[in-house]
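One structure is given here, and the rest of the page talks about it.
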Amino acid sequence: MVAVTEQTNVGKITQVIGPVVDAEFPSGKLPRIYNALKIQGKNPAGNDVSVTCEVQQLLGDNQVRAVAMSGTDGLVRGMDIVDTGAPISVPVGKVTLGRIFNVLGEPVDEKGDVDMSLTSPIHRPAPKLIDLETKPKVFETGIKVIDLLTPYRQGGKIGLFGGAGVGKTVIMMELINNIAINHGGVSVFAGVGERTREGNDLYNEMIESKVINPDNPEESKIALVYGQMNEPPGARMRVGLSGLTMAEYFRDVNKQDVLLFVDNIFRFVQAGSEVSALLGRMPSAVGYQPTLGTDVGDLQERITSTKEGSITSVQAVYVPADDLTDPAPATTFAHLDGTTVLSRGLASKGIYPAVDPLDSTSTMLQPGIVGEEHYNTARAVQSTLQRYKELQDIIAILGLDELSEEDRRTVDRARKIERFLSQPFFVAEVFTGSPGKYVTLKDTIKGFQMILNGELDDLPEQAFYLVGDIEEAKAKAEKLKKG
């Protein structure tokens, strides 16, 4: 959505090179950086044209250079271009729930218009330091493996690493569901430069798992903003900010806890790099834009907790050529509070969620934040699993019988822990047939302590697979015994 101010300031297009448009305005009436410019009407060939651009550079001689948010097909020199007098603005509030928007805040789901009476500009300053919630607070997700080993920070940023088909989307949907039910919060999903098919699949899966209610969209738990792979770089570069602006309204005005999903944060950097090259800036390392740190910082610094509410962000991170030293992922890492790494090995064993308990990290896992009991339990779980990993070569060559009694006991407990880290999800009920389980942090810690202490050594390991808390595992063991 682009609001046009009363006094229209009209310029003329002087040059069009791909998605970059140069325009000349009357003397003393130059638009500001980040203002939206609108080109609407018919071109000389008689075709309808409607393009929105964003001012990126002031060139001198009353000329500005802008980047288009949609295709520039049909634009010609001499066409009128209107300065709207404000940045791109998107609708905010309840009207956004259950709907799909593009970078300009226009609905693209063919479900009718959206009430545009309440909008917000996509360029805003980050919250002031005095307004921030500085005391670290754990964000309980109800997912055992995350809450125990990689606790999320309320208002923190988590990187989600994983290849195709290991369950990133299902974890995202479960988090959306749990925040709505247990925190009274809402979610915003920003699809940045990913496949259109994936965006469509995600929308349909969310309807199937009741995260979106198509009959009454305002009862939905999420708003979706897409700028997909086929869009011009301007749209891909700004769609993350459009999603973030919707999330900020829920945090600042509705005082809610919000989950912001960004898929994929690398594409945001990639689009910035394309725009930078189109604007003629000198590239820096590996061809990225010289403003890489600033671009990422401007987005990430707005994702935070204030004293009123929080935005907790889960960002899928694509690592080009698996090179973690590449400037794009390396710059992103500096802003992350935790990493959730999904393992194909665990997924192939059928252990879902396939979160790698040894590779995933969190800055929250400190005794001063989570408490001694939680910290010691998490570290004991990790050391047991690490020992099991070290013994696997010996087991593969010589078999279990060649291990010492202590190592056999460690392997037995590690296998139970591995299975107990799995959990039935609410959003996967339609696929698994098992009712979803939300496990409190207290119950999670108690369950793993009992396994580590040897209190459950006599229970079969399959009793721990796809259950909620430890009481359910005991009940499953009884059931297995009776056959």
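Easy rule for this one: first residue shown is 1, then count along the chain.
Glycine too: its Cβ is placed from the backbone N, Cα and C atoms.
From a predicted model like this one, the values you see are computed outputs, not experimental measurements.
Sequence annotations record features per position, and here Swiss-Prot assigns ATP binding site to G162, G163, A164, G165, V166, G167, K168, T169.
Within 8 Å of the centroid of the Cβ atoms of G162, G163, A164, G165, V166, G167, K168, T169, where the record puts ATP, the same chain has further Cβ atoms from L342, A347, A354. Within the same chain, residues at least six positions away from K168 (ATP binding site) with a Cβ under 8 Å of its Cβ are L160, G162, D263, A316, L342. When Cβ atoms from all protein chains are considered, those within 10 Å of G165 (ATP binding site) total 11, not counting its own. Around the Cβ of G162 (ATP binding site), 21 further Cβ atoms fall within 10 Å across all displayed protein chains. Each of the binding-site residues G163, G167 was scored by how many other Cβ atoms lie within 10 Å of its Cβ, and the smallest score goes to G163. Considering only the binding-site residues A164, V166, the Cβ with the fewest other Cβ atoms within 10 Å is that of A164.
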